[in-house]
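As recorded in TrEMBL, the features of this protein are as follows:
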type: TRANSMEM; residues: 70-90; note: transmembrane segment
type: BINDING; residues: GLY78, VAL81, ASN85, ASN343, LEU472, SER476; note: Na(+) binding site
type: TRANSMEM; residues: 102-123; note: transmembrane segment
type: TRANSMEM; residues: 144-172; note: transmembrane segment
type: TRANSMEM; residues: 228-249; note: transmembrane segment
type: TRANSMEM; residues: 261-281; note: transmembrane segment
type: TRANSMEM; residues: 304-325; note: transmembrane segment
type: TRANSMEM; residues: 337-358; note: transmembrane segment
type: TRANSMEM; residues: 460-486; note: transmembrane segment
type: TRANSMEM; residues: 498-517; note: transmembrane segment
type: TRANSMEM; residues: 529-550; note: transmembrane segment
type: TRANSMEM; residues: 570-596; note: transmembrane segment
type: TRANSMEM; residues: 616-641; note: transmembrane segment
type: REGION; residues: 683-713; note: region 'Disordered'
type: COMPBIAS; residues: 701-712; note: compositional bias 'Polar residues'
Amino acid sequence: MPKNSKVTQREHSSEHVTESVADLLAHQEPVDYKRSVLNVTGETWEKQKEGDEDLDAENRPAWNSKLHKLQYILAQIGYSVGLGNVWRFPYLCQKNGGGAYLVPYLVLLIIIGLPLFFLELAVGQRIRRGSIGVWNYICPRLGGIGYASCLVCFFVGLYYNVIIGWSIFYFFKSFQYPLPWSECPIVKNGSVAVVETECERSSATTYFWYRETLDISNSISESGGLNWKMTLCLLVAWSLVGLAMIKGIQSSGKVMYFSSLFPYLVLVCFLVRGLLLRGAVDGIMHMFTPKLDKMLDPQVWREAATQVFFALGLGFGGVIAFSSYNKQDNNCHFDATLVSFINFFTSVLATLVVFAVLGFKANIMNEKCVVENAEKILGYLNTNVLSHDLIPPHVNFSHLTAKDYNEMYRVIMTVKEGHFKELGLDACLLEDELNKSVQGTGLAFIAFTEAMTHFPASPFWSVMFFLMLINLGLGSMIGTMSGITTPIIDTFKVRKEVFTVGCCIFAFVVGLIFVQRSGNYFVTMFDDYSATLPLTVVVILENIAVAWIYGTKKFMQELTEMLGFRPYQFYYYTWKYVSPICMAVLMTASIIQLGVSPPGYSAWIREEAAEKFLFYPTWAMAILISLILLASLPLPLVFILRQFHLVSDGSNALSVTYKKGRMMKDISNLEDNDETRFILSKVPSETPSPMPTHRSYLGPGSNSPMEMSSAPNGRYGSGYLLASTPESEL
């Protein structure tokens, strides 16, 4: 070797070598093989020996210790358990047959949710990249999956953080007694004090939500300008997310201790308190009384599949991002099973809490109805519109029960059949109150807040409830933002702190559309249309990429070597056949649903003090369609660019490291004819396996320049050698 070469000059230096891989390997100078390792992978995977630096620690954070493992599990739970578990699942359970709904939900969780969740955990842990890097490795032509996931995460994060902002507003408003939404405000009309008309015609909680909180306009076309209170709350929400994410898993992992565990403490407290309330059992019995005929309705199965799909956060990239920081031998199958069923039982727990409280509220409202209608009957008796003979002798108007009122109501309805409607009497049935379906913001910010006004020490319970919503939302937002930051940082090597802060600032600025007076209508639009269809397509393509392009048998063998045991054959058949078919049916049903139900939204009309369904105007329809197309655009775009070789596929990126006897170099986007061919001694058609593996350069004296390093339980897979061999049999 020439004495003036760069390698000779830096042989005893700790500086990084910058020569090409081909030049380094061409030299015949002996190498210190005990301390030199050549990795032809996307990352450095293994501690070389005791006392050496951990390259994972150098290049990528990892959930290494038992403490970090707990943080990882809490992060996955915090991400998958979100606001939908509290305000979407109970509504679907009530709407779709009560206890009978749990059967299709559990079946679909097992045959769709668990296998696909396990698949995302496995590919993230195996390849140790974010969603962009993972799908570039597995199938470069389907690399658009990662970019589509990032876009959907961005759209969802924009409006999801607005909901956290609303919760922050209610949280700070809860520190007063009585609660500000417990009574209608009094306004002065000249010298006379009267109740606010809009509030009187609706309710105190409804008025506080639509007028005091949102100050909502009558339609999406009426912007009304920014709501400064909500703008400040949105700024606080993005600040919280930025602080939690700024150091990656090092900061977000610690946040998860509180944001993931605190909601369970609150739910248990609410359940105990709710069961002690009058009427709580009525709500729970109503909730879980099965309506078996509903199980035959295809719509019930479609909504159950959609809920399973979104409850686990499939397709967003957050699951892959968190899993990519795991050690190679982590039992991700156990993690998938644990998180999936914790998610399910959390939904059931939240449903118990919601309907215990709503059962109490239904009893309160039913008693109010009885009192109001009893006063009407007394008025009719005093004016001889009704005869006293119609009133059963045991009825006492001073202590009128719901049962006595119902008996009196039936008698009057029978006798006055021809003129009964003119009396304007209500049936006041508890069942009718319990059947009033509420979901989403209507449940959290109207129905539940109204129920809490009747609690003893109501401010305390209100503070706890909205702090729980903030933490549920924050846990999901951390996962959603990880679905954006992790793949971008992995792919483009940008600085983590700068990119995270920049992303939060940009999202806050764009999110101002949601805090104008018509902002709630945009939240509804994004929630209904920005994610459902694109994510369904993304998950179908993920499934196809692994099961049909990479190969299910090969993937099962990789998992066997990574985990140390062979996953059940159940996963082979679900990945290859069941899940793709079920997801295709779900996508078809979603498209049909979009065509059958014209896109629209519920607008709050101030003059009528009521909600009214309106269709989106033309410009809003254009935005709606653009959201779906923009989120789906990377899929065909990346496929076309890589199919016709207009851009490099990025699948053959190499990482070679050398420092103090180790090589350190990052070579990306190599062409087929350059160093890849030289190193691997393969023709361009013999492409390497997408799954990373660890290989050591053994020096000139070895029979083969590349050879697999041994590892206990085969935890690092078979890599390049496997790529050129037939798939193993099951």
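Positions of Cβ are set from backbone N, Cα and C atoms, glycine also.
Take the transmembrane segment (498-517) and the stretches 228-249, 261-281, 570-596, 616-641: counting Cβ pairs under 8 Å, 228-249 has the most. Residues ILE77, TYR79, SER80, GLY82, LEU83, GLY84, SER260, PRO263, THR346, GLY475 surround the recorded Na(+) site, their Cβ atoms falling within 8 Å of the Cβ centroid of GLY78, VAL81, ASN85, ASN343, LEU472, SER476, which are themselves excluded. Contact between the transmembrane segment (228-249) and the transmembrane segment (460-486) holds: at least three of their C-beta pairs are under 8 Å, each pair 6 or more apart in sequence.
If you look at the transmembrane segment (616-641) against the transmembrane segment (261-281), you find fewer than three C-beta pairs under 8 angstroms, all six or more positions apart, and that falls short of contact. Counting every protein chain shown, the Cβ of ASN85 (Na(+) binding site) has 24 other Cβ atoms within 10 Å.
Sequence-remote contacts of a segment are chain residues at least 6 beyond its ends whose Cβ falls under 8 Å from one of its Cβ atoms, and for the transmembrane segment (144-172) they are 83, 130-136, 213, 229-230, 233-234, 236-238, 240-241, 315-318, 441, 444-445, 449, 462-463, 466-467, 469-470, 473-474, 476-477, 480-481, 483-484, 487-488, 507, 510-511, 514-515, 519, 522-523, 526-527, 530-531, 534-535, 537-538, 541-542, 545, 627, 630-639. Sequence-distant contacts of the transmembrane segment (570-596) (same chain, six or more residues past either end, CB-CB distance under 8 Å): 108, 111-112, 115-116, 118-119, 298, 302, 305-306, 309, 532-533, 536-537, 539-540, 543-544, 546-548, 552-553, 555-556, 730.
Long-range Cβ contacts of the transmembrane segment (460-486) within its own chain (Cβ-Cβ under 8 Å, at least 6 residues beyond either end) map to 75-83, 85-86, 130-131, 149-150, 153-154, 156-157, 160-161, 163-164, 167-168, 170-171, 174-175, 179, 240-241, 244-245, 248, 252, 255-256, 258-260, 262-263, 266-267, 269-270, 273, 313, 316-322, 324, 444, 448-449, 452, 496, 499-500, 503. Neighbour density at the Cβ, taken as the number of other Cβ atoms within 10 Å, is lowest among the binding-site residues ASN343, SER476 for ASN343.
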